[in-house]
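Student: The following block contains the structure, expressed as structure tokens.
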Amino acid sequence: MHSLCFLPPVFICSFMVAAPIFGYLGDRFNRKVILSCGIFFWSIVTLSSSFISKEYYWLFVLSRGLVGIGESSYSSISPTIIGDLFTNNSRTMMLSIFYLAIPLGSGLGYILGSGAKEAAGDWHWALRVSPLLGITAGALILLFVPEPKRGSADQGGRVKARSSWCCDMKALAKNRSYVCSSLASAAVSFATGAFGMWIPLYLYRAQVVQKTAEVCSKDICSSKDSLIFGAITVVTGLLGVAIGLAATRLCRQRTERADPLVCAVSMLGSAIFICLIFVVAKKSIVGAYVCIFIGETLLFLNWAITADILMFVVIPTRRATAVAFQSFTSHLLGDAGSPYLIGLQPCVINGPQ
């Protein structure tokens, strides 16, 4: 297996280990400060890792682990601040806007990273673009984002007193809505983890089989499929979150179970179109991209809805812990292993060998 294949699991494992810690801190200390420090830490480590030479590969692996720690602080705490600033449909809308960062950031990562790599002829430059944006975002959060009182948007600000960590975990384990939504998030994470790693390579190989592309033997191969996939991810992320927001608002007028029903229908539809990709790609790359577009739109439709469900079913004083352990479960059962379980072959960095 190529040594670079160890980088994703190192990042994900450190993310999983750190998430419960930040969840605990987020329920008890100033969330804005923790959030900003995590972003600064992530940005500095990412930028520094771009200057590590191949002789110090172990140091590069360590840096990826540290990046996971920084990102876990952000993902565990941010939704809880939004949850305390807004309620009902307003909270759904704001969480939807926030969760646009998942597909939007993923897609822009493909585009900016590939563009920087090809422009400089060196993949290190792909790690030097986002840290500058991260430092800017961290500074803006520290200076302008308020630190709301926990539960200020719920029940007129009257919430239960803070309980111990063990009590929090027992309550979450008995919360069936939370447990089921966490397992569903793991299923989505499983799909997106394998999707992002294998789809661009699969489409490239399909074109080689159709003789519309040549086998790449260079150190830096054309990233056309990654760029197209990234662009589709950006568009479908925006579209999916917008459709999810509209669908839940409409369905809430008819049933109290609108949120889980919308998530269930979207996941089922996404699974159908993702399976069709592997059938259609044998004859038409354009048709495969159409299936990717529809499948990703349906897949991203439930990101914000799942977070909104958590805000409704978990009390404010244990939401950061709940978000953290949902992230832990999603990665442990999802994208921590899905790329390798789906691929079942050596990791390929530059194309078919």
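Note that Cβ sites are derived from N, Cα and C of the backbone, with glycine treated the same way.
Under the heading domain 'Major facilitator superfamily (MFS) profile', TrEMBL lists 1-353. If you look up TrEMBL, you'll see 6-26, 33-52, 94-113, 125-145, 178-199, 227-248, 260-281, 287-315 marked as transmembrane segment.
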Student: Assess whether the transmembrane segment (260-281) lies in contact with the transmembrane segment (178-199), where contact requires at least three Cβ pairs under 8 Å among residues 6 or more apart in sequence.
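Tutor: Contact between the transmembrane segment (260-281) and the transmembrane segment (178-199): present.
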Student: Below 8 angstroms Cβ to Cβ, which residues of this chain, lying six or more residues outside the transmembrane segment (6-26), approach it?
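Tutor: That would be 34, 38, 60-61, 64-69, 71-73, 75-77, 80, 165, 197, 320-325, 327-328, 331-332, 335-336, 339.
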Student: When you scan the chain for residues with a C-beta under 8 Å from the transmembrane segment (227-248), skipping those not six or more beyond its ends, what do you find?
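Tutor: Same-chain residues near the transmembrane segment (227-248) but 6 or more away: 92-93, 96-97, 99-100, 102-104, 106-111, 114-115, 199-200, 203, 258-259, 262, 266, 289, 292-293, 296-305, 308.
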Student: For the domain 'Major facilitator superfamily (MFS) profile' (1-353), what's the mean pLDDT in this predicted model?
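Tutor: Averaging the confidence scores along the domain 'Major facilitator superfamily (MFS) profile' (1-353) gives 80.
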